[in-house]
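Enquirer: Shown below is the structure under consideration.
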């Protein structure tokens, strides 16, 4: 290790010992100058310090974004990857080892999932562009013969790209991949291999781009703009803060529109319920949304503001007899519905005492005019009679449509199960348990919260 790198390591250790907290953003910038963390194109000594210092909630400019065949967004920065909308950075070479073996991975220029179901030889292949090379992975395995020159696989496309995104027809005139390099835009026709250069006048230069829930997003810095893939036109109030919609962060700047952020976030819900009056409460991370019965508008606030004993991160919630039951780990917090909500004496209570099951659980709901709590844990659904003491959970059944759900609620229209960015509607609990096929998926942000994207 060079003297400069050794110096940085000693500074990191000394600062960590001397202070309870260290301004990691400043320390990271200083140490990157030494090359010790391998976050740029120079130097490739990744170590494990970088994973500790990379914090997506600090406003990182991502190098590339790609959605996997399972639908999980991967955000790449330097030699690291963030999987999904929350969680810590991991070394990219732990998931895609050959990138490092062939290229001493210090960065990914661009990445995309080739998603064309009618082209089985190309469908669900993930492509990575690094300098002059392209890597093709299928089911996380590098395909034979790769890496290859970008010009060999995508003739007419330049090296050292900034971003790339797949664009199936009819979003584009024909199945295509859009490549970005500075203000140069290339539409690559997957079938004919012809390249058409475009001018996207109204859009910033993209540092990464991806297609998600049938929309196209250009990331620039830690902001993003939604764009038309044919014309590059940006409609609506953009740019917006990426951390508000694509990351699970507890703190936001003064410019954040909290209501729009929570309505339109792509991060999954932690819990949702409606009370006896028909008011809906939806929880995500440190915040919650509330819609009063008979009102189409939503309000947003921190969980701390209305449910201070909970602080954040609710596992499940259900409403029963004008009370909200909030499950967190192995405890149940009970609030009487009102302005403000009143935390009951003796609460929190052990989950085992209230529902008769061991935590953690994934979701729970009570249908109107009933006293049975339906508790979902993995692929098992338990019935718990809330009037019985002590509670005796009865295994109602199993459903194999999903290996896990994020949240659930029951109302006059039936049961809604929430998973990822979508919810699935069943007419009743019985129909849900008997279902042999996954029903039509509904977009949570658009169809429940009324977001326009």
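Each position is counted from 1, following the chain as shown.
Positions of Cβ are set from backbone N, Cα and C atoms, glycine also.
Curation does not apply to TrEMBL; its annotations are automatic.
For reference, TrEMBL lists these features for the protein:
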- 57-249: disulfide bond (DISULFID)
- 105-157: repeat 'Hemopexin' (REPEAT)
- 158-203: repeat 'Hemopexin' (REPEAT)
- 167-172: disulfide bond (DISULFID)
- 204-249: repeat 'Hemopexin' (REPEAT)
- 205: N-linked glycosylation site (CARBOHYD)
- 206-218: disulfide bond (DISULFID)
- 358-401: repeat 'Hemopexin' (REPEAT)
- 367-410: disulfide bond (DISULFID)
Enquirer: If one looks at the chain holding residue 206 (disulfide bond), which residues at least 6 apart in sequence have a CB under 8 angstroms from its CB?
Expert: 162, 163, 180, 218, 219, 220
Enquirer: Same-chain residues six or more away whose CB lies under 8 A from the CB of residue 167 (disulfide bond)?
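Expert: Residues satisfying the criterion: 175, 176, 177, 178, 187, 211, 216, 229.
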Enquirer: When the pLDDT values for the repeat 'Hemopexin' (204-249) are averaged, what is the result?
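Expert: A mean pLDDT of 86 is what the predicted model shows over the repeat 'Hemopexin' (204-249).
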Enquirer: Work through the disulfide-bonded residues one by one (172, 367, 410) and name whichever has its CA nearest to the CA of residue 205 (N-linked glycosylation site).
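Expert: Spatially nearest to residue 205 (N-linked glycosylation site) by Cα position is 172.
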Enquirer: Just to be sure I understand the packing, how many Cβ atoms besides its own are within 10 Å of the Cβ of residue 218 (disulfide bond)?
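Expert: Neighbour count, Cβ to Cβ under the 10 Å cut-off: 27.
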Enquirer: At a 10 Å cut-off from the C-beta of residue 367 (disulfide bond), count the other C-beta atoms across all protein chains.
Expert: 18
Enquirer: In Å, rounded, how far does the Cα of residue 172 (disulfide bond) sit from the Cα of residue 367 (disulfide bond)?
Expert: 44
Enquirer: How big is the gap, in Å, between the Cα of residue 410 (disulfide bond) and that of residue 57 (disulfide bond), rounded to a whole number?
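Expert: Checking the Cα atoms of residue 410 (disulfide bond) and residue 57 (disulfide bond) gives a distance of 34 Å.
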Enquirer: Looking only at C-alpha atoms, tell me how far residue 367 (disulfide bond) is from residue 57 (disulfide bond), rounded to the nearest Å.
Expert: 38
Enquirer: For the disulfide-bonded residues listed here (57, 172), which one has the lowest count of neighbouring CB atoms within 10 Å of its own CB?
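Expert: Minimum Cβ neighbour count within 10 Å, taken over the disulfide-bonded residues 57, 172, occurs at 57.
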Enquirer: What is the one among the recorded positions 205, 410 whose Cβ has the most other Cβ atoms less than or equal to 10 Å away?
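Expert: The residue with the densest Cβ neighbourhood is 410.
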